[in-house]
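Engineer: Input: one structure, supplied below.
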Amino acid sequence: MVNELVLTIFIAVFLHAACYYPCSGSNAKINFREKEKEVLDQILGPGRYDARIRPSGVNGTDGPAIVRVNIFVRSISKIDDVTMEYSVQLTFREQWMDERLKFNDFHGKLKYLTLTEANRVWMPDLFFSNEKEGHTHNIIMPNVYIRIFPYGSVLYSIRISLTLSCPMNLKLYPLDRQICSLRMASYGWTTDDLVFLWKDGDPVQVVKNLHLPRFTLEKFLTDYCNSKTNTGEYSCLKVDLLFKREFSYYLIQIYIPCCMLVIVSWVSFWLDQGAVPARVSLGVTTLLTMATQTSGINASLPPVSYTKAIDVWTGVCLTFVFGALLEFALVNYASRSDMHRENMKKQRRQVELEHAQSLDGASDMIDTDSNATFAMVRNRSLHNHIDANNPSPLLQKPLVRGPGDSMRLEKAHCEVHMQPRPNCCRSWLSKFPTRSKRIDVISRITFPLVFALFNVIYWSTYLFREEAEES
């Protein structure tokens, strides 16, 4: 009986040990998710953590809490010139130290604890000072998390979309560069309690192949923008995004069409001055098209008090088109004036011809009566010359010059030498007999030359100013 009792006890002990040791051997496979719950209940349980109290300063001192910030720019959807704003989607991250949240990591088995409820721990009261609109993303789940590390560090990350104001200087539009800022500041905690710092290393990251419809992101700069008010000094961070406007779009949509309209308006210079309907319709059509183009450009821009580069361009182009229309009005007036002058000349010639014919009739009557007397006087004079042994009775002119003859010769000689040299421009314009034709010919040369000169001055001025602002 004793042996059976001992055997029974031995078997029971053996079975207990066989059951116990495998279970104890499973300690190597502890469910750390359950341990996370225990740790969370331990550090965030009732009466253990107060989210209303800010963390202590560096090394547990009473100094301000240090919050390091970094952002990841996911996309920039639009930059609006009219409302002067831009929309951006980014991942915003904050990291700070809260020694009240330290926990045992079980020899590195718990790397961090994850929370999705931001109200469980203390949060910095950061806001975007130049924000107009903003929202978080909740598809499929709220895009936010909080990570608590064993040494008490807290990482907060959230995906947000913002519409931010961006004051613009459009004097060089569309050859301009714009700086749009993203400002982040503390709303209630002063610098005595809370200080924001950019994360060391690379605080701002931008997604690769960032595409913007009419701009290019050239670079970005981080800086600090602490503000002082009546209630104290508040910590502030900012990042400046430098955008360069893509000029190719405006070259194709604005500059080349305006040049074509101006050149088309010059076609009227080559049309006949009598083609009034064709020249009027061409001038009015180009003028209205240019005015429509100008109004469309201004509709896409805010009404500002200064002159933009595009205003100079459209204004000068509109002036050239209007000048071509006025040139036709001048040509038409000159043509009618030439016709009136030609008619006056014809009438004057006709009157002079009639007057000359009437004088010729009267002179014929006088000559008939005086022929006999003139013949007697001539015969007597010829007889006297023969008596004086004149070898040439046919010479009627005196051989000795009078005192007035030499003066007339000298005056004619001086007039020959004092005549102005022929001018090439005048000689060339003399090929065109009417003033209206001369105006058209001069306009064919003057308008293109002046427009080319304007282009040289315009592009050299604004391109150099753009380079100066860039430097």
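Our numbering is plain: 1 for the first residue shown, then up by one each step along the chain.
Keep in mind that glycine also has a Cβ here, set from the backbone N, Cα and C atoms.
Per TrEMBL, transmembrane segment is recorded for 6-23, 247-271, 312-335, 441-461. Residues annotated as domain 'Neurotransmitter-gated ion-channel ligand-binding' in TrEMBL: 37-245. For 254-459, the entry in TrEMBL reads domain 'Neurotransmitter-gated ion-channel transmembrane'.
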Engineer: So if I exclude everything within five residues of the ends of the transmembrane segment (312-335), which remaining residues of that chain have a CB under 8 angstroms from its CBs? That is, six or more out.
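Structural biologist: Distant contacts of the transmembrane segment (312-335): 254-255, 258-259, 261-262, 265-266, 268-269, 273-274, 276, 279-280, 283-284, 286-287, 290-291, 293-294, 297, 434-436, 439-440, 443, 447, 451, 454, 458.
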Engineer: Counting only residues 6 or more past its boundaries, what in the same chain has a CB within less than 8 Å of a CB in the transmembrane segment (441-461)?
Structural biologist: 262, 266, 269-270, 312-313, 316, 320, 323-324, 327, 429, 432
Engineer: On the 0 to 100 scale, where does the mean pLDDT of the domain 'Neurotransmitter-gated ion-channel ligand-binding' (37-245) fall?
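Structural biologist: Taking every residue of the domain 'Neurotransmitter-gated ion-channel ligand-binding' (37-245) together, the mean pLDDT is 92.
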